[in-house]
Structure formats: C-alpha cells, structure tokens
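Peer 1: Take this structure, written in structure tokens, and hold onto it; I'll ask about it next.
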C-alpha cells in the first residue's frame, strides 16, 4: 500500500522546532496506518510529498484516493525517459490539492494519472487546488479525465513549453473561473499549434464550447478530447455515449444511474456506494466517506496511546467523526460524544509540552474560549496595540490553571485584570521547583487584581516577585492574604528593593570573552560574575537587535507604553561549584538574519541585598555581524533579442543578498526544436502552422518599466500612458505574484542539515545545491533525436552589474538561460537559479532555397522536382510551396510539399497533364514564417514517346466502340417509342401539341382530383398560383388534412409544365421532417396539381419581417430568442444534412427558401414558390442565369463550384438573416460590389444585438477555405444540448439513416459533390469549354438541384423567370 510523507496540517512534524520522540512518531504513524487500512480495498493513501528522486513515485502504487495533498517537486536530474512506464491508473481522487513544481523531464500527466477525475480542494495551497509552476519541460497538462475541482482555483504559471491551455474549458471543471491565474506559459505567446483529435484528417472529433465569445474545440492533447457532458448531468459526469451518471456521482462513473459505480461521490461514500448522507450507525469522516463508531473510537484510542499532546481526541458529533467538539459543546470522556454545555461551556485546553508562552495576540488567540488550562502559562508581552482588550477577549474565560502562572518581562501590562475569571492555580507543576506564581521584570505592572472583587486560590507553591518597579509591595502582601500563600515565601522570594521602586543599579562591567558566529546564530560567553551573596544573582538578560549603524543606546525604542525594540533572552544563573570556580556563562542567539549587524549587551538580574544595595552588572553595547550565506534567487529576469546572434539579459538583485553580491553566473544552452513537428503534414489546410516568436528589443528604465526602442516603433503610434488604475492593478498583481512565490518557496523547500556536530553550531542548511563548481542542472527535452548530441552548456561570470549581452548565438534559436547570484563567500555556493527562455531574431535569408532546381520525368505526366534544403534555416522547415504555370498560360498552380514528404523524395512530385514548357519557383516556410521565392526555373513536359502510335492504334478502336454504342442506343430508343413516352426525355418536333400526360407517367403518387378542394390563395409561385386546400385520404389515418396546392398557369408552355412535374418527381426522393414533403400529384386532366405539406406561416423571410416591431402584419409575437434561433438553425441544418446524405446540393439556401410550419418548425422549402416573389434577390451576371450573389460562397462566385461546403456558407448568411429579422445582406452594396467584396475575402458584419455564440458560428461558416467550414452534422452537434427534446424524435440527425456508410459507394465526397444538371444541351461539344462558361450559360438556379445518386444523374428543371 502506498503511504505518503506524514506532513498534513496540524501534524507535529510540520513544525521544524518541534521535538517529538521516536515513540510519539511511531504512534502517529500507527494512527494513519489505521486510517489507511480502514478501507477494505486498501486503496486510500495519505498526503504525499514526492521530491528529489523519481523512485519515490513507488508510494503511489495502488492508491485510489489520496486523502490529503499530492506534491511532486524539485527533481532536477530526471529526464523524459525516466517517466516512461510510470503509470498510476488507479488514482481517481485527491481530497486536497495537486502541486507540480520544477520537475525536469515531465512532459505530460496523461500517462502518469490517466484516470484522475476529482480534486476536492478540502485544503488548498494558497487558495488553489491545482498548481503547475515552473515545469520547464511540460508540454501539456494531459489530465483528460479530470472532470471536477470542487473547491479552489487553478494556477498555471511560468511553464515555458506548456501548450493546450486555450483548448481547455475550465468552466466545465470549476464552478467559478474568475480566480484562475494562467499566465507566462507558451500558450500565451501564440506559439502553440494545438491540434485536437481528428483535425489533421479534417474531421473534428471534439466538442466545441463557447468561452468569452469564442466557440473553440476542446481537448487536452492531440489524442484526447475534453469530456463535455450534457447540461442535464449537472456535474455528475457521463459515459462516452452521453448517458448521465447517478446524481450522487461526481465527475464520472462506470455505469449510468448506479450509485455503486461512481468514480467519486458528490457527498459521501459508504461501503463503495455514493450516498447523500451517511446511514445510521456510520459517521462522516474527512468530508467524503463514512466510517463506523468503532473505527472513530479506535482513532481516539491510538491517539491517546501515542502520548502526543497535539494528537486530536476524535469525538462523535452530529453524525461526524471529528478531531474535537465545536464551540458550545464538551466531550464526554466515556462515550466520546459531544454534549451541550450548561451555561458557558467548560473547555479544557491541554498545553503542548505543558508550557504555553503568550508573547503575542496571535498566541493568545489559540486559547480563546478555554476555561481550564491543563499546563502552565508564561505571559511575555513586549508591546502591542489595544493589548489589554485583546487579552481579555482571548484569556478572560480561563478559570483554572493546573501548573503555574509566570508574568515575565511584559512591558505592555499594567494589570492582570484581563484574567477576570481566574479562580484557581493548582501548582501541580512549579517554576524552578518552588513557585506557582512568578512575576519578574514587568516595568509597567501596577496592579495584580482588584482584590476587593477578585478571589484567587493557589493550592501549591510560593509567590515570586522581583523587578517590578511600579508594583507596590502592598499589592503583593494583599495577594498573599487572598491566595492563602502567606508564610510560604522566603525573604528572597519577594524583593523589597526592586518591587515598587523606580531605581536599578548596575555598578560592575561585564566583559565578553568568546564570540562565534554563523549565518543565523551567535554564541556568546562572558566573564563570570557573582554578587557578595551569590544567592542574589537570579540570572542574566541578553539584549540584542538589528543595528545598521553603530549608534545604538540601551533605551532606544522604549516608551511608557511598554514598546521595546530590543529582543531579550533570559539565562539562568550558572551553578556554583563547591570550590567557587564557575564556567563562564553563555547564550546562543538563534534565528538571526545572515550578513546582518546586531547590537548586543548583557546585564544581570539580581535581588536587593540585606544592606539595601543592588549589586548588578552590565556590559557595554557591542556590534556583531552574522556570517554570509547563499543569496536568494535573482528577481524578475528579462530577456530580449536585438539581433540574430545576441540576447540582452537583465535582472534585479536578490531580495536577500545574504552577503555582498559580487557577481552572477549566467548559463545558457540551446534548446532543440520539437522534432514532432516533422511528423505532422502542415499541408493539410485544417492545421494552423506552428510559429515561434521572439521578443522585440526593449529598454528597461530604472523603475523596471519597459520602453520599446526607437526602431521598433517606426510608423506606429506611441502607446497611451497607463492610467493610475492600470498602474495600481499591475502593482497589486506583481505583489500578489511575489507573495505566492514566497509562500511556495517557504512551503516546498524543507531545510536539512549539511553536517552533524556535537556543539551548539550544528548550522542547518536548506535544500539548495552544493557550491556551484559544475554546469547547472540543465535537462534536455525528448524533442532531441536519440542519436543527436546534447547541446553544449555555455557560461559567463558577470561582475558587479545586473545585465549581460550574450553574443555568438545561432539565429532564431531558443535558449534556456539560468542566472545564479553569488556573494563573496564562494565556499557557500551560489543561489538557486532564476531562469528565462529567449529566442534570437530570425535571419532574413536563412529560409531561402539556394542552388539549382532540377527535374526528372519519372512517368507519364509526373515530374519529380528536386532542390536543396536550406542549410541553416530559422528553426525548422515545416513545408515548401511550389508555384508553377505553363509558359504563356494564365492558370497558376501552387502545391504544397510537407517536410516529411521532402525527406522521402528529396523534393516534390507534380502531376502535370498537359505537355509544354513550364516555369516554377519555390519557397520554404519555417517556424519564423515564409521565406523568399527562388528565381524562376523551367522544365519541359514532353509528349509521351509512344503517343502517336497509341493514337493510331486506339483511334479506330474507339471509333468502332462509339458506333456500337450509338446503334444500341437507337435500338433501345425505338423500342421505347413503341411502348409510349416515359421519363424526362422528349423528342417531338412540335412539343406544343403534347399534353403533360405524354411526358409524365402516373405512379403511386397520383391522387384523384375529386379528393382535393381548394380554399384560398396563398401566393404566386414560379409556375402559377399556390392555394391552401383540403385533401382527403391521402395520409394514412387522417381523413382530411390541410395542404398547399401548386398549380401551373393556363398560359404555361409545355416545357414549363414538364419542369413543373419534374420538380415534383425530384421531391419524391425526399422523406425528412425538416424538408417540406410532397404528398401527391394530380397529373390527369387540367390543371395539373402538385400537393405539398402546408407551411402555415409561409416562407421564413416573410415570417421574420413580420416580427419586426413596426411591421403592419405583426402577429403579436416578439423577435425570436436565442433558444428559438438555435432551434431554427438546428432544424435547417438537419434538413440540409439529409439532402447532403442523399447527395443533393442545394445551391440556393436562403431564408426565402425555408418555410415555417404551423408549430413554427423551419423546413427546407419546396420548389417554385419564391423565385418570382423575390426576384430582386437575384442578379444576372453577364446576361446569363440569375445568381443569388449575396448568399454565395467565394469559390462559387469565382469558379462556379458548388459543394456541401458552399451550402454551409449560405447557411451562415441565413443565420445572419434570422438575427437581423431578414435584412438584406450587404445592405448598401451593389451586386457587383458584393461580388468583388466576397471574392476578396470579405464577409458580413456582426449583426446588431447578435449573441457571441451565434456570431462565432457564422464566422465558422464563412471561412474562406471551404475545408475549414463545419459540416451540417457538426453544426447540429454544437447545438444539440440546447434543443427541444422533440428534436430527437423527428430529426434525421438522430435517425437510423444517419449512420456511417458501410461501403465506398455510399461515401460522400463533399469537396467534389458538385451540382451538374443534365439537359439536352449539356451533351454538346460545349462541355469542353471552361467550367465558368457552363455555370453561366447552362445552370440556372433552382431551389433544389440533384447531384450524383447511385451512379446516374437526375435531370433537373429550369425554373428561371422569363
């Protein structure tokens, strides 16, 4: 079982000054072993401090819960390979906090703690539950199963390699993110190319969430998404399929809705089951689990047997096993339960080591509420504000002291009346073996108690009063009478000369004969002194204080209020041997500051002699300086690069020089680039290119303010001066950072002795390294190839200044720099390092491809280009761009060659179809950006050597084959003509004599005319009027249903009638709730009717405009809310996703072509309803077909390319229409201006009052690169958590049809899914003309156009307005 270092709160080992015997330590360990073994599975471990050696990780073996904190820190020699194979998958919960600090080589926690789910934060580290600080090699956090930080915040700071921070949504893990502090990491420098799972392949796998107005994909690493559960789960966690865990779970579970399968519990865990409260017979323990009564009692028994007074006496109270009873309750020693007090609650306070010194208000507060002191009290108050009131508030309830009460050198005390309830001093333990009340050297003490009102009994022991010059003897004699101690005292116990007098005599001079110093201690010895009656010598008082200048007097800093700037150490009088020889008395002054001058003097403390004289003695004030020691770390290191080979480094002196800082040691080492970048194909347009930045040159003034140098601000405005509020805020943040760092260093650095000695000067040293005689503890990350030598470490000494110019560096190279402060005592070593990362500036020509570009004709139509890689690029080359075009031609082609492909081919391969002479130029892209283009080179693509022979042989064969196809076609066509016309083809030389029935064959969709009754006109469509009607028996189970009936005008031509029915034929293929459904066709007789699903609220554009406040036809509804807009967007996306799955491309998605049903559901509209109504929304480009340019994507406007991605662009415009209540897109621009604006990369502005979430979705749809736009299914995935439950029942997204394809025939190629309608003219020779011409002349816009389906092309109607 893993067991941590026992350093929890309240543990005696936390106090470096505590002295706990080995028996006590064994008892303490036994108690915590009981806690560990209490669980049947043996998986609970206590707080752990893993430091210095990686072998200490073995303590974590088999731990499931750490009941306490986990600190991993200070490993300077570990390397990445040391952590490979270290894995603790059982650890799921930490009850306090997780701290990581300066662990070299640790790059990620994904393998170390793959299942850590909950950090409870019961006790925090400076208000933080997760601290990651100065992890020099960490690249990612990687806690991909972390779902809940119950209490506290997150602090991630000064991790120069740490990425994947902007891809984490902390609001999912924490209740509040306002107090998080995430600064000074690589992520903040925009250097991270964070790639979430699936991004490389263009198929995002991770969910998107909205933070600060940005909709971002969420992941922990390139292999692990951040787990985002549905909002219904409310923090309980969920399974991968989205099923919520039981409400009592916290973070995760193994089965849904099962409290026994939780990873962690929201409230309490009882025998493996999560419960709201512990059941009867069990008790809450440590805030998260239940234990039985016997276990709690056993904890208390073990604690008592340990003989450790600080061990808490566990009791049962209100269903909880706790260390002590709360205020207002007292523990029953038999049952170990808490019972309410009758009146003021007696509270027995047991004093650690039997003596408690009250030397400050803070120490007095520790006894607040105590009524019985089981031990002795020493009052030693040198000063303070409002001290009497504070003492009465904290000590005023004490009624009984079992030992003695000693008032010593309390300059601030005038009276002891603050002990207002003190009634009994038992004297079970006596001071100096005799005294139960001891008052010594209290110059302001004038009154003990008001003896007329106060009663005090002293059972054992005597009184002792000396050197209380303002305390009258009458007060002392009266105390003898009241307390019952009269007659117990000897004549020397109460000094008649030094109590109540205002004088003190020190006639003799004491001389120091031995002085020895260390960095924090001084040992003093002085000549022995005895008064004539050696019994009058009570002891010595050694006074000392810091003295920067040698002008101190004894009475500096003392006043009538008791303030005293001197620190006083009391020393007992030495024992007097029989022969009268006495060892020189001495004193060891501890806890001094290094390299600090102190003023010191010593004086005797004597009683008055029988003759009335006081035989005192005092030394002169001497000045002693403590020794130097290792300085503290240099402050605020700052680095800039002013050229391609230099870095300017500045810092501030250490806050504690601990000597005269003479010089600094500066070490620097080149940091290799991340070799993983070679493995990623950055030619994939879905990936962001990695980058590295350098800090532009700046100047730092004397106050530490940064000013940009002149050459960086050319042609730029000067920065505005900071306001007082900004300056104050920066100062507060800086002060808080320093406070946190001081707290961190104080907590994690545990002093340890360098050597052991038997004398008083066993000086303790910290965990700092030995004297620096070797290079520092640099550690190279695993980004370096195994066979690559480790970069050399360089060093330089910097004398008497805090800056250095490091020269001779490589261009655009990262360096890790360490700065050590050294003082004149080099044998002690130099300080812990302050480190900073810097990068030199890029070389302008380093990324240029030099040398000739050669080519090789490897196979037909493939050219292998070869070129030399830049010898010394700026960082790494990530890709090459090859720009080539046919000489004299117009079309230019740019192709991308990844570094990985270049390493394989030593160049790139081009597929060139057309023979001819070509020009080519190449440029490289490095971590610093794009290099420059090479000079143009030329290559020739020849005709295939055997092309003429092939043509001679294959020509006749092809001609014969085509002739056979024509003959077969004619035979089949003749047979069809004999059977009668069918399908969309017609060949009549005079089509006006044909009726619709001759080109349309009735099928199962045919509806008898007498089942349709027309009620009223709805509006004019493309072919004729549209009516509302009643249809009988056309929907199973519904005798009558309201429908929309489309008609064709009587004056319509035969072609228009054919197109009218063809549109109906196309819609027969659709069966989706969010696409308007065809219900039937009446083709027999005139007029021809098409029966459609009735959309009661008309088209979406008209409906939105009716919701405007000033609209005359406003139905009384308000503008749609955010939730309603999201519902509309999902319904439109669902209909479009269905059409994409059917391999149809819409090409004209707009609000006018969406319909609103009676229940306000939005559906993709039917055909022919809106072309004439909204003809102004279309534009006739070059006299050709009508184009909806304001809804078209850039690639559609440029090249006539229509794909599912171009429909997504149009969907973004529809969203804009919904939020603006159907305003015209690009209002104020003409159609020609819109064409140019969009093709140049423009898009619509932010709509007024548009929520950030919707605008982020619009921007995703308007990505210029089509591949960067989301699919309609991905859009629904982003919105699904906010949709109505009914959406799951009716949508295509949740239907069985929306499943991954099982065969290649069903795969959708979104990039090539172009809309290419066929009509008689499309089979002409004009197919060989440019795609743009075909688009302009032969593809008019319809509301729904077919694409490829099952290997054939559906002919589509031409519904251009005449």
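Any Cβ shown, glycine's included, is placed from N, Cα and C.
Annotation comment: Swiss-Prot describes 1-37 as signal peptide, evidence class sequence analysis. The site 'Insulin-binding' annotation in Swiss-Prot covers 76. Here Swiss-Prot flags 163-192, 196-219, 229-238, 233-244, 245-253, 249-262, 265-274, 278-290, 349-370, 472-505, 683-896, 822-830 (among others) as disulfide bond, drawing on similarity to another entry. The domain 'Fibronectin type-III 3' feature in Swiss-Prot is assigned to 849-944. For 993, 1174, 1178, 1179, 1335, 1341, the entry in Swiss-Prot reads phosphotyrosine, with the evidence type similarity to another entry.
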Peer 1: Give the residue from the disulfide-bonded residues 196, 244, 249, 274, 683 that has the most other Cβ atoms within 10 Å of its Cβ, counting over every protein chain displayed.
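Peer 2: For the disulfide-bonded residues 196, 244, 249, 274, 683, the Cβ with the most other Cβ atoms within 10 Å is 249.
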Peer 1: Through the lens of DSSP with three states only, how would you label residue 822 (disulfide bond)?
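Peer 2: In the DSSP reduction, residue 822 (disulfide bond) maps to strand.
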Peer 1: I need the CA-to-CA distance for residue 896 (disulfide bond) versus residue 163 (disulfide bond), whole Å please.
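Peer 2: Counting only the Cα atoms, the answer is 27 Å.
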Peer 1: List only the single closest residue to residue 219 (disulfide bond), chosen from the recorded positions 76, 192, 830 by CA-CA distance.
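Peer 2: Given the candidates 76, 192, 830, the nearest one is 192.
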Peer 1: For the disulfide-bonded residues listed here, 245, 278, 290, which shows the highest count of neighbouring CB atoms within 10 A?
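Peer 2: That would be 245, with the highest Cβ count within 10 Å.
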Peer 1: 10 Å Cβ neighbour count around residue 253 (disulfide bond)?
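Peer 2: Around residue 253 (disulfide bond), other Cβ atoms within 10 Å: 26.
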Peer 1: Looking only at 265, 370, 472, which of these disulfide-bonded residues has the biggest number of Cβ atoms within 10 Å around its Cβ?
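Peer 2: Of 265, 370, 472, the one with the most crowded Cβ is 265.
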Peer 1: I need the CA-to-CA distance for residue 244 (disulfide bond) versus residue 76 (site 'Insulin-binding'), whole Å please.
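Peer 2: Residue 76 (site 'Insulin-binding') has its Cα 43 Å from the Cα of residue 244 (disulfide bond).
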Peer 1: List the helix, strand and coil residue totals of the domain 'Fibronectin type-III 3' (849-944) as derived from DSSP.
Peer 2: 7 helix, 51 strand, 38 coil
Peer 1: Tell me which of the disulfide-bonded residues 163, 233, 274, 683 ends up closest to residue 830 (disulfide bond) in space, Cα to Cα.
Peer 2: 163
Peer 1: Same-chain residues six or more away whose CB lies under 8 A from the CB of residue 349 (disulfide bond)?
Peer 2: 367, 370, 372, 373, 374
Peer 1: Does anything in the same chain, at least 6 positions from residue 229 (disulfide bond), have a Cβ under 8 Å from its Cβ, and if so what?
Peer 2: 147, 236, 237, 238, 242, 244
Peer 1: Sort the recorded positions 76, 233, 253, 472 by C-alpha distance from residue 278 (disulfide bond) and give me just the closest.
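Peer 2: Closest by Cα: 253.
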Peer 1: Name, in the order they occur in the sequence, the residues of the same chain whose CB lies under 8 A from the CB of residue 262 (disulfide bond) and which sit 6 or more residues away.
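Peer 2: Residues satisfying the criterion: 237, 245, 246, 248, 249, 250, 252, 253, 254, 269, 274.
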Peer 1: Based on DSSP, name the secondary structure state of residue 238 (disulfide bond): helix, strand or coil.
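Peer 2: SS state of residue 238 (disulfide bond) = strand.
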Peer 1: Near the Cβ of residue 233 (disulfide bond), how many other Cβ atoms are there if near means within 10 Å?
Peer 2: 19
Peer 1: Spatially speaking, which of the recorded positions 76, 163, 192, 683 is closest to residue 822 (disulfide bond)? Use C-alpha to C-alpha, please.
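Peer 2: Out of the listed candidates, the nearest Cα belongs to 76.
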Peer 1: Reduced to three states, what secondary structure does DSSP give residue 278 (disulfide bond)?
Peer 2: coil
